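Beneath this line is the structure, given in structure tokens, with notes to follow.
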């Protein structure tokens, strides 16, 4: 277990907490076919939906600073929730730069080009070759290839990581074809390796996976395949191995060597962090590296503070976030999740800041060590609930944020039976949390960061492992000691809201002033037809 807290924290005694419960990947879709949420056993959520103020809110596209019709994701969702405003996300920021042909005006890339123009080293472009838009975008890679040609960089090796998680499970060839076409048009570059994201993009310190990817990129003794990408993928599919799990394979003799440069074009940091650490840290100790070439590493965005890398698109600072407002009011807050979502309720929700805020305590519950989460659909939800109930019972935290990873992580496997079990587990845990909150007279705001588990099969009959653009539920369970001034229980939630409105809603419940920079609006509005009975008497909830 990992517990940490900020220094200089205030202390409340006997606090009625406000508990933000984020159901990661719990979207709304009316059709029950291929819908793990509709088919799962959810008596608690169904009862809450009918008894308390609720709404469907938006968690994708322009509502969270992404292009229209772009599915939301956990990083963007938690950042938007914490910021209380719509932020131009990195996908849009980088896409605009590529579209406007402005990569050559990016200082880190200018320096990189000058270095390679004066040296014999190779530029290695490493990242997820995908049009999913969650961690990267293939258009960015194609733009980099054209930029390299225009900058006079002669030797370019592309190390393509295949997706199959944020895209259909057998769709890699479409993106690879786009990259091959870009290299032909630019007259520079070749495909040096292929590797499924399962190996190259682990974020849970499963170093045996990362080691396989690292060896692929750096070990000169590894054999080179004489098959084309099309042949390799067809052979993989025939063996039941989809894009996400594609085994690492070298396609040329271009490995990373002393004096080479590496540009990691994933813009989302959480799944780029481990492979970047292996490439740039002298004191890396996750596994024993067979070779340690001296590389000049550039990342598209800040992967981690204090890494010895250049950053092409440095973070744009954010102020007056939810956590900051709570901390500045002298209130204590508690953030908890299991390993897979821990960075989201901490780092991402705090606007990319690693260190806890004053009065912020963090608690990490380890995720189970399994190959894929369909093998353990309950994940660590029960242990996570236990720890959160302990925090509620302490009576010292004004704001508690908890993330349940199951709908998203099990939804990504595409295994329907496992996903319905995951949904039932989370529903049961919500009931347990609700009892604890009710004992304290607190309030729960239940929502999700994006959709996933409500769609488990695509129109082509393949397992649907990606997120969705569906709206997500938001339910306000108001407690006796957190009644809103002037409203009592006579409230409802707006139907036109989005994730940017969650923080203003929480601040209203906490009776804290919303800062001007937080441009979202509280979802709460007065109405006269809500059951006025207290939380403890509203309905018997199954646990």
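Heads up, the Cβ atoms here are built off N, Cα and C, so glycines get one too.
For 24, 74, 449, 450, the entry in Swiss-Prot reads Mn(2+) 2 binding site, with the evidence type sequence analysis. Sequence-distant neighbours of residue 450 (Mn(2+) 2 binding site) (same chain, 6+ apart, CB under 8 A from its CB) are 24, 25, 27, 59, 60, 71, 72, 73, 74, 76, 77, 408, 467, 468, 472.
When Cβ atoms from all protein chains are considered, those within 10 Å of residue 74 (Mn(2+) 2 binding site) total 27, not counting its own. Under the heading active site, phosphoserine intermediate, Swiss-Prot lists 74, citing sequence analysis as support.
Residue 203 (substrate binding site) is surrounded by 16 other CB atoms, counting those within 10 A of its CB over all protein chains shown. Per Swiss-Prot, substrate binding site is recorded for 135, 165, 166, 197, 203, 268, 269, 270, 271, 341, and the stated evidence type is sequence analysis.
Under DSSP, residue 408 (Mn(2+) 1 binding site) is assigned to a helix (H, G or I) in the three-state scheme. Residue density at residue 408 (Mn(2+) 1 binding site): 28 other Cβ atoms are found within 10 A of its Cβ, drawing on all protein chains shown. According to Swiss-Prot, the feature Mn(2+) 1 binding site maps to 408, 412, 467.
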Legend entry - Lowest local Cβ density among 135, 271, 467, which the record lists as binding-site residues, within 10 Å: 271
Legend entry - Spatial separation of residue 449 (Mn(2+) 2 binding site) from residue 203 (substrate binding site) - C-alpha basis, Å: 19
Inset, instruction - Can you check which residues sit near residue 269 (substrate binding site), meaning Cβ under 8 Å from its Cβ, same chain, 6 or more apart in sequence, and list them in order? - result: 75, 301, 302, 303, 304
Legend entry - Rounded Cα separation (Å) that holds between residue 412 (Mn(2+) 1 binding site) and residue 271 (substrate binding site): 15
Legend entry - Number of other Cβ atoms within 10 Å of the Cβ of residue 412 (Mn(2+) 1 binding site) across all protein chains: 24
Inset, instruction - Calculate the distance in Å between the alpha carbons (Cα) of residue 271 (substrate binding site) and residue 449 (Mn(2+) 2 binding site), and round it to a whole number. - result: 18
Inset, instruction - For residue 74 (Mn(2+) 2 binding site), just give me the three-state DSSP call. - result: helix
Legend entry - Entry from the binding-site residues list 24, 166, 449 having the most other CB atoms no farther than 10 A: 449
